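> Look at TrEMBL and you will find B:Arg48, B:Lys54 tagged as NADP(+) binding site. As annotated by TrEMBL, FMN binding site applies to B:Arg125, B:Ala126, B:Ser127, B:Gly277, B:Lys292, B:Pro293, B:Thr294, B:Ser295, B:Ser296, B:Arg318.
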There are 4 protein chains.
Amino acid sequence: MAGNTFGQLFRMITFGESHGAGVGVVIDGCPAGLEISFEEIQAELDRRRPGQNKLTTQRNEKDSLEILSGIFENKTLGTPITFLIRNTDVQSKSYEDIKDKFRPGHADFVTQEKYGHRDYRGGGRASARETIGRVAAGAIAKKLLAEVGIEVEAYLVQVGKIKQTGDLRLKIEDYTEEIEHARADGDSVGGIIEVVAKNVPVGLGEPVFHKLSAELAHALMTIPAAKGVEIGDGFASAEKRGSENNDELINDAVGTSRDLSAGQIRTKTNHAGGIVGGISNGENIVMRVAFKPTSSITKKQMTVDKDNNEVEISVHGRHDPCVALRAPVIVEAMASLVLVDHYLLDKSSKL
Amino acid sequence: MAGNTFGQLFRMITFGESHGAGVGVVIDGCPAGLEISFEEIQAELDRRRPGQNKLTTQRNEKDSLEILSGIFENKTLGTPITFLIRNTDVQSKSYEDIKDKFRPGHADFVTQEKYGHRDYRGGGRASARETIGRVAAGAIAKKLLAEVGIEVEAYLVQVGKIKQTGDLRLKIEDYTEEIEHARADGDSVGGIIEVVAKNVPVGLGEPVFHKLSAELAHALMTIPAAKGVEIGDGFASAEKRGSENNDELINDAVGTSRDLSAGQIRTKTNHAGGIVGGISNGENIVMRVAFKPTSSITKKQMTVDKDNNEVEISVHGRHDPCVALRAPVIVEAMASLVLVDHYLLDKSSKL
Amino acid sequence: MAGNTFGQLFRMITFGESHGAGVGVVIDGCPAGLEISFEEIQAELDRRRPGQNKLTTQRNEKDSLEILSGIFENKTLGTPITFLIRNTDVQSKSYEDIKDKFRPGHADFVTQEKYGHRDYRGGGRASARETIGRVAAGAIAKKLLAEVGIEVEAYLVQVGKIKQTGDLRLKIEDYTEEIEHARADGDSVGGIIEVVAKNVPVGLGEPVFHKLSAELAHALMTIPAAKGVEIGDGFASAEKRGSENNDELINDAVGTSRDLSAGQIRTKTNHAGGIVGGISNGENIVMRVAFKPTSSITKKQMTVDKDNNEVEISVHGRHDPCVALRAPVIVEAMASLVLVDHYLLDKSSKL
Amino acid sequence: MAGNTFGQLFRMITFGESHGAGVGVVIDGCPAGLEISFEEIQAELDRRRPGQNKLTTQRNEKDSLEILSGIFENKTLGTPITFLIRNTDVQSKSYEDIKDKFRPGHADFVTQEKYGHRDYRGGGRASARETIGRVAAGAIAKKLLAEVGIEVEAYLVQVGKIKQTGDLRLKIEDYTEEIEHARADGDSVGGIIEVVAKNVPVGLGEPVFHKLSAELAHALMTIPAAKGVEIGDGFASAEKRGSENNDELINDAVGTSRDLSAGQIRTKTNHAGGIVGGISNGENIVMRVAFKPTSSITKKQMTVDKDNNEVEISVHGRHDPCVALRAPVIVEAMASLVLVDHYLLDKSSKL
């Protein structure tokens, strides 16, 4: 089944294995005439790229972008846009010893069972390298959103046991020790990322099965290692009362909080996280996605090999001790792709 | 946009407004030859039906099923299956006073903004009555899954502040007081439902964008009032270490826990919740979905009317004080629909 | 597979067997706010209805429309629109003798092979009654097109050996004899229908796989008994030279032929049939679809029965001697559905 | 809108402009484990490649294949397969003079109107080079079909006024003069291609909107310059009687014509062209597609330029005098892609 295609009108298909020729993406359905430069796309790829600080994997990929189609004279043509990023720093050798052992927490076993044939040199499509295509497509999506004033930003709110409290963002020094300790133990930690979309117009989302909240949840849950997602007060709302959780509507005559025309209807609070009944209500869209700790750890674990023998395994190679660290740009990409798609869908819902 | 269509190969489209002629569903893509009786489908509808205990709304709908197409001599034809359930106990009168006021927490305002025209007699498509079609389709999906041994069950694990601890299921007496207190205050409470799918074969899910976990998350988040979803250890895994969270693979030679052939590869624990890399691994699939408290409360709130005036509102009518109470059968339906679709998709992934 | 769903943004799913409870359609994706009356839809159904003249089948169905959802106060809600037409004049008895014999030219054999289980009381989904849902959906599509000035009309250009020459439309007296002779012989005849869409704006169609011409061809070829389709000069263009076939572009400064602003670019001729490179060019879209003669004939033929015995068959029941006669309204419906979908799709191709 | 995506389960998306970096295709949904060599795919590309005889364009492209993903150790991985073919012999200079003039019969004008921005250096996506991706994907599709015994072959049955009569295939010498004469006049000719699919199992096709005949028609009509398509007796059946056109069913006890088990039900004739009611009946599928004469001719024509001035144009560059000549391999590719998709869809229609 065509499982690598995402989106209705603004669609992407990512391709490439971690240890093959390269990875990339084709975007089908991008409107023509969008101005976008090589540098703007490469800049997003650089945000995702490992090796930028001491807390991430040392795999040293330049992730150099090549534009194969769809952009001419720095403007989109309305034709498929293809981005290719070659794999250069491929060290298949380090994977030799795990060729026949299924790594716990990884897709090795299920991939072997489902497809019968796999590229044992690395994670294949389950590798974080697959997300490069998403980030490249996300660069286009963000630029489109920017044209209509929508901004999308994602950031860490939890790394292992270290959590953001109040509005002050987590900084690298806040969680360095948490990660260094895990790494010293040959171990890894999880994390939570929050994403906020600002200035989303009222009306995006297509009930009842393509609610904006449901599609964002879907998109975020496709990111490797994602284990949960919530919107607004999310799981916490389960123990609240309706009178606490409902957002009262107000007439924001003064339009203090945003640059809106007087008379705009707003909500006083935003427990809903910007989406009601699956449709955006004009408030900030706020979602959180939980990432499990990196599955690849050097610490010894038990597993089975391809002959069903129970064996010990220690996963070497170059892995992030916390996948969430590099994930904000991926979260932004996925959220942006959904928003662009729904922006276009909503336009088409009016004659 | 065609937002009311769900599924790829096994597809449903629900139709109907809460105060129109009726609600229903068309299922397109159900394999031919499935034996299913009228009673089996009606029984699922009865599970969802209100008025079954004192904690739910008193709207008294029989929810009588009519089969319009697709089933002949108690077997599916492979053609579209259509179920119609007439609306009978429609009391539009009670909605008269809220015709022009946007109810907080409801889709009234966004619906008006998006479509310009709405059936102000009730919640329209945002009403819980829309889920009747899902439940009817779910009855078919469950029967199909049963043919291949898969079972799906959902149950409450939290009602307001009352939470399940350990393995003992919550019973109605556990949370009666929580709900009665809220109702006495003209208020409502939220809840959390857990769903478990047993005997799912290894290999369901279509990475990277139609991962089984992402599609289940999508499906569950389309249920009215859903605010979050997680799989396995979910949000809790964010603060764990990899060595705690990874599920070690074992050779379940004895096959104690399930009726499997010796030599089956299993995992020792199930922190992942039955899905790894977006593909089922043969363990129980375990997910949880958080529901916000019912938006309709008699307690006074502020809102705006259609002329942008700030006004007081007290939402009368017949509403559940806790939407989660009747939601397990809906959760089961949505999860089952995804599983059937992926069961069929997986078949098509082999030549 | 969900084979009964048609369209991307403006989508319909038809349901119902010829000898079941009824037939109908759900339209998912119709923009809100379209004014449409019960009578406008019923009028289209009446155009398709048999028994209107002596040349069609005598099955006497009123084809009475019931609107189940999606329309409120004579305006579309933006929610799924459901139309149900009950089957009333069902004479299953006349089909008793063909229950076990596969009718030549019919889908009986392939349906049995594909699904294993079929409603042997009639043609099931392969019956012309299935097209009632299409015609009802087409009424909505046409009304939407009318809002933007697009008109769609279909008419017979050939009945058996009787062909239109020049611009003068065929009239019923032209082909009455052709049909009466065939009927007298217990036989049937084929025909060709031409469809013209006027005032289609420049730019509809989504190359390279959703070209407007390809989607129209697809749509028309789904009509029962359709065996070929062509656009503009079609098959005749194969033996022409480029200099004959190319349509020269002109500056229609005077705008004689249509009510267009001066300076409009037109083509001098319309060999292309209004679509170039899969995109509408503003000229009339002109297509033709060929229908085979009705498969059901009383004349004796050989066939096999369900036990693989070769047997003689004479198909009684009430059948049109020429299916093309009642097909223009179906052709208009299918063409209109494609045009609406592409009208909405084109809107979404611009930011 | 995502117009460059084709297929449901076996899906391709082609990319690339004629004068950009290259062209190619991503195939999403190919089952894992199919053995396929580089050479098998390159061989199909070579069949399409120009410059192979004196009757085709002299654009000299090697069309060298590069495999970017999805194939490992000569076997498909079940992941997206990406093929890239670089553009090398790009002579943009020859297009300079037509940069501002809309070529008659070409998509220049409609592309400019629809997208506002286009790659004026050549035909962009409307160029025949776009079909390279289709042919590469077709190579995979054919190999899959071969695994289950299905063969697909296309061939010319008409070039300009030269038509095949009887069963004897047209040879290059038959139509050389027709083409040379046209070329000498600075002109071009059209043609008709027939495609036959053998050994297609009974049961492919998903009524009522994804009938095999309709999807094949759709696929063939997406090929540049296609103007009509028919199945079996096609347009000729319109003037026949039912008794002539119906294919009687027989019990092919001897199974002479195909290697089938005794008792197989066949049809005596094949006027239907192998598809009845939209479902394959086991007979050869036979379709024809009409191609218009090449639009690019050196002969002088009138057109308009981008400032709406009426101007003379003579289209130079390197063009085929008859596009149909190189199209058989494209026709085979498109037909094969549809057949594979429906083969997989049919599998998924059974539990």
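A Cβ is built for glycine as well, from the same backbone N, Cα and C atoms used for every other residue.
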> For the binding-site residues B:Ser127, B:Thr294, B:Ser296, which one has its C-beta crowded by the most other C-beta atoms within 10 angstroms?
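Going through B:Ser127, B:Thr294, B:Ser296 one by one, the largest Cβ count within 10 Å is at B:Thr294.
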> Name, in order along the sequence, the binding-site residues among B:Arg48, B:Lys54, B:Ser127, B:Lys292 with a Cβ closer than 8 Å to any chain A Cβ.
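The binding-site residues close to chain A are B:Lys292.
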> What Cα-Cα separation, expressed in whole Å, is found between B:Ser127 (FMN binding site) and B:Arg48 (NADP(+) binding site)?
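Taking the Cα atoms only, B:Ser127 (FMN binding site) lies 14 Å from B:Arg48 (NADP(+) binding site).
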> To the nearest whole angstrom, state the Cα distance for the pair B:Lys54 (NADP(+) binding site) and B:Thr294 (FMN binding site).
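If we compare the Cα positions of B:Lys54 (NADP(+) binding site) and B:Thr294 (FMN binding site), the gap is 16 Å.
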> Non-local Cβ contacts of B:Arg125 (FMN binding site) (under 8 Å, 6 or more apart, same chain)?
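Counting only residues 6 or more apart in sequence, the Cβ neighbours of B:Arg125 (FMN binding site) under 8 Å are B:Asn4, B:Gly16, B:Glu17, B:Ser18.
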> Hey, what's the Cβ neighbour count for B:Arg48 (NADP(+) binding site) at 10 Å?
23
> Is B:Arg48 (NADP(+) binding site) helix, strand or coil when read with DSSP?
helix
> Return the binding-site residues from the list B:Arg48, B:Arg125, B:Thr294 for which some CB of chain C is under 8 Å from the residue's own CB; sequence order; 'none' if the set is empty.
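Among the binding-site residues B:Arg48, B:Arg125, B:Thr294, the ones whose Cβ sits under 8 Å from a Cβ of chain C are B:Arg125.
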> Could you check what DSSP calls B:Arg125 (FMN binding site) once collapsed to helix, strand or coil?
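DSSP call for B:Arg125 (FMN binding site): helix.
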> Which residues in the same chain, at least 6 apart in sequence, have a Cβ under 8 Å from the Cβ of B:Lys292 (FMN binding site)?
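The list for B:Lys292 (FMN binding site) reads B:Gly105, B:Gly190, B:Ala225, B:Lys227, B:Val323, given in order along the sequence.
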> Do me a favour and check the Cα-Cα span between B:Arg48 (NADP(+) binding site) and B:Ser296 (FMN binding site); whole Å is fine.
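If we compare the Cα positions of B:Arg48 (NADP(+) binding site) and B:Ser296 (FMN binding site), the gap is 19 Å.
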> Count the Cβ atoms, other than its own, that fall within 10 Å of the Cβ of B:Lys54 (NADP(+) binding site), considering every protein chain shown.
11
